[in-house]
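Noted in TrEMBL for the protein shown:
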type	residues	note
TRANSMEM	20-42	transmembrane segment
TRANSMEM	54-77	transmembrane segment
TRANSMEM	98-127	transmembrane segment
TRANSMEM	139-160	transmembrane segment
TRANSMEM	167-186	transmembrane segment
TRANSMEM	229-249	transmembrane segment
C-alpha cells in the first residue's frame with residue numbers, strides 16, 4: 001500500500017466536497033431523531049424509550065453510512081484511469097494491485113468520516129436523551145463495528161469498480177447491501193409465499209450477505225455488551241472478498 005496514493009484519494013474527496021455532503025446527511029438524520037416535533041410510531045404506539053429508539057437510530061445510521069461508503073467508492077478508480085493520472089503510477093513501477101488497494105484504503109478513510117459524523121451525532125443523541133453512562137463507555141467499540149461495515153463496503157465497491165463503470169458498481173453493491181439489510185424480512189416472506197416467487201426469494205436469501213445482522217451488532221453491543229461473532233466473521237469475509245477483487249482484477253487501460 002502506498003501512503004501517497006491513499007492521501008491523494010482522500011484529498012480528492014475533500015476537494016469535491018463529497019465528505020461534507022455525507023456529513024450533512026448525518027446532520028439531517030440527527031435532527032430527525034432529536035427534534036421534539038418528530039415521532040416514531042410502531043403499531044399505533046409512539047416509540048419513546050431509549051432502548052427501543054437506539055437500535056432504530058443505529059440501524060438507519062448504518063444504512064446511511066453504508067450507502068455513503070458505496071457512493072464515495074464507486075467512481076474513484078474509473079476516474080483515475082479516465083484522467084490518465086494512473087500513468088504516473090506505472091512509471092514508478094507500482095503494481096496495479098498495490099495501486100487499487102491504496103485507492104480503496106483512501107476511499108475507506110473518506111467513508112470513515114461519515115461514520116465519525118454519525119457517531120458524533122449519536123453522542124449528542126445520547127446526551128439529549130440523558131442516557132446511562134455505560135452507553136457512553138461502549139460507544140467507541142460500537143463505532144469500530146460500524147467502521148468495519150463501512151470499510152468492507154468500500155473495499156467491495158472499489159473492487160467491482162476495477163472492471164465495472166461507476167454506476168454499475170454502485171448499483172450492484174447497493175442492491176446487495178439493501179437486500180442484505182432486508183434479509184430477515186425476505187426470509188419470512190419466502191416462507192409465506194409459494195411458487196416461482198418463493199423459489200427466487202429463497203435463492204436471493206441464500207446468496208445475499210446478512211448485512212442487517214452485521215449492522216445490528218453496534219446496537220447489540222451498545223445496549224447489552226452482546227456481539228454475534230458469526231456476524232463479525234461475515235463482516236471480515238466481505239472485506240476479504242473486496243480485497244481479493246482489488247488484488248486479482250486488472251484494467252486493460254494500464
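Placement of Cβ uses the backbone N, Cα and C atoms for every residue, glycine included.
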Beyond the flanks of the transmembrane segment (167-186) by at least 6 residues, Cβ under 8 Å: 63, 66-67, 70-71, 74-75, 153, 156-157, 160-161, 201, 204-205, 208-215
Remote residues contacting the transmembrane segment (229-249) - C-beta distance under 8 A, at least 6 residues beyond either end: 97, 100-101, 104, 145, 148-149, 151-160, 162-163, 209-210, 213-214, 216-217
